[in-house]
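Student: This is the feature table in TrEMBL:
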type	residues	note
DOMAIN	22-356	domain 'Aminoacyl-transfer RNA synthetases class-II family profile'
BINDING	E83, G84, T85, R113, Q127, E131, R259, Y263, Y264	L-histidine binding site
Amino acid sequence: MAKTIQAIRGMNDCLPEVSGTWQKVESVLRQVVASYGYQEIRTPIVESTDLFKRSIGEVTDIVEKEMYTFEDRNGDSLTLRPEGTASTVRAGNEHGLLYNQQQRLWYMGPMFRHERPQKGRYRQFHQFGVETYGLDGPDIDLEVILLSARLWKAFGIEKHVTLQINSLGSNEARQAYRETLISYLKERADKLDEESLRRLESNPLRVLDSKNPNVQAAIADAPSLLDHLDEESKTHFDSLCERLTQAGISFEINPRLVRGLDYYNRTVFEWVTESLGSQGTVCAGGRYDGLVEQLGGKATPAVGFAMGMERLVLLLTTLSEDALDTSSADVYVTAMGDDAQAYALEVSEHLRDTLPNVRVMMHCGGGNFKKQLKRADKTGARFALLLGSQEMQSREVAVKPLRDGQEQQTIAFNALSSTIADLLNA
Ligand code: ATP
Ligand code: MG
């Protein structure tokens, strides 16, 4: 036998047993963003490597060690996108969507990072994100956060996620804070790990969110970013906090929250859960007013977030078994005898004509009723239709409930689609 070929480590197949859940998640996401007037943008999966280096930052986990970078046949350096914001800005600049305009956009699709695969962390994963442009007030920061909060409600998981926010201030204020932080960290250099030491000069803010508990303990009394905000950023942040309270969104201010990508300024936030172990951040975002200009456009304020869809699906299926809908049909059509098969086809097509949202599966491959009903049960269908020569002659259909122990009933062909619609909605 030939050796079987396996998928790349950390890159998952989405099998039929979960693809139904994914489709439902995707449709809720689409519906919620549409209800806020956001429009979809789709960008290529491959971009020039420079795009990510220039936006995400050279001294970040992503650019230092996580990118899938390769040379194409022309010798150009290309990278599989590790996130969606850089591509959105690139496309916005390229097509004139951002210059003097306001945009509210969303995207969804696969991202690639060469990380150590574990629960909630993969090498190909999916993000759903929103990005807004041309708006600098805290009203849009609030809207973006409200939108994310509505998503949790739509999925019924609002009690399992909490919001953490922080402000990184302006670039100038952060620069001044950086100096203060560097001298603080230098005094404790002997207690820092190798990674933190390496970042001390190049990206000291990232030392603040080190995952090493020893480092965390050593820098417990580090000066707080929030005490070093410029006046305007402070007003912006206070106003956002006030609006969140008015909107009934609870939040925690976490002065250590700095985010792993360089392009953020002012508002940053994360939605975290305790139900997924260490991969607890489900959604993360913030303001990135400098990025559009940094990538060659005119200075344009921007704010957005990205959500890890695998983590969302994991959370949904961890919290409720019902979230996993593995059924493939609502109605399963069985038939005995050659004549009845033609009738079964007529019935099935009639249902598909009149009830396009109902999943109708017609039995193929013959066998007795018992065998056919066994198949029907396996599909998860709620009703089986039983068609024999008698039903065909009288142009009737026997409807057998498969799930809730109700009585079988025989109804006229003409009443079939309204009866099925009622039964499925009941
Ligand atoms: P983490 O600290 O978990 O590595 P990050 O800061 O690298 O996250 P972002 O780049 O902000 O994450 O991505 C936004 C969201 O995408 C994360 O909050 C997470 O839900 C999801 N995500 C990021 N990397 C992965 C991955 N390798 N596998 C699955 N989901 C991921
Ligand atoms: Mg990461």
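Here the Cβ of each residue, glycine as well, is placed from N, Cα and C on the backbone.
Predicted automatically and left uncurated, TrEMBL annotations should be read as such.
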Student: Which number gives the other C-beta atoms within 10 angstroms of the C-beta of Q127 (L-histidine binding site), all protein chains shown included?
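Tutor: Result for Q127 (L-histidine binding site): 22 neighbouring Cβ atoms inside 10 Å.
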Student: What same-chain residues, at least 6 away in sequence, bring their CB to under 8 Å of the CB of Y264 (L-histidine binding site)?
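Tutor: Non-local contacts for Y264 (L-histidine binding site): L168, V258, G286, R287, Y288.
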Student: Going by DSSP, give the three-state secondary structure for T85 (L-histidine binding site).
Tutor: helix
Student: Please work out the number of neighbouring Cβ atoms within 10 Å of the Cβ of T85 (L-histidine binding site), leaving out its own Cβ.
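Tutor: Step by step: centre on the Cβ of T85 (L-histidine binding site), count other Cβ atoms within 10 Å, giving 24.
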Student: Given the model, what does the mean pLDDT over the domain 'Aminoacyl-transfer RNA synthetases class-II family profile' (22-356) come out as?
Tutor: 94
Student: How big is the L-histidine site in terms of the longest C-alpha to C-alpha distance among E83, G84, T85, R113, Q127, E131, R259, Y263, Y264, in angstrom?
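Tutor: Those residues reach a largest Cα separation of 21 Å.
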Student: Considering only the binding-site residues E83, Q127, Y264, which possess a Cβ situated under 6 angstroms from at least one atom of ligand 1?
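Tutor: Correct list: E83, Q127.
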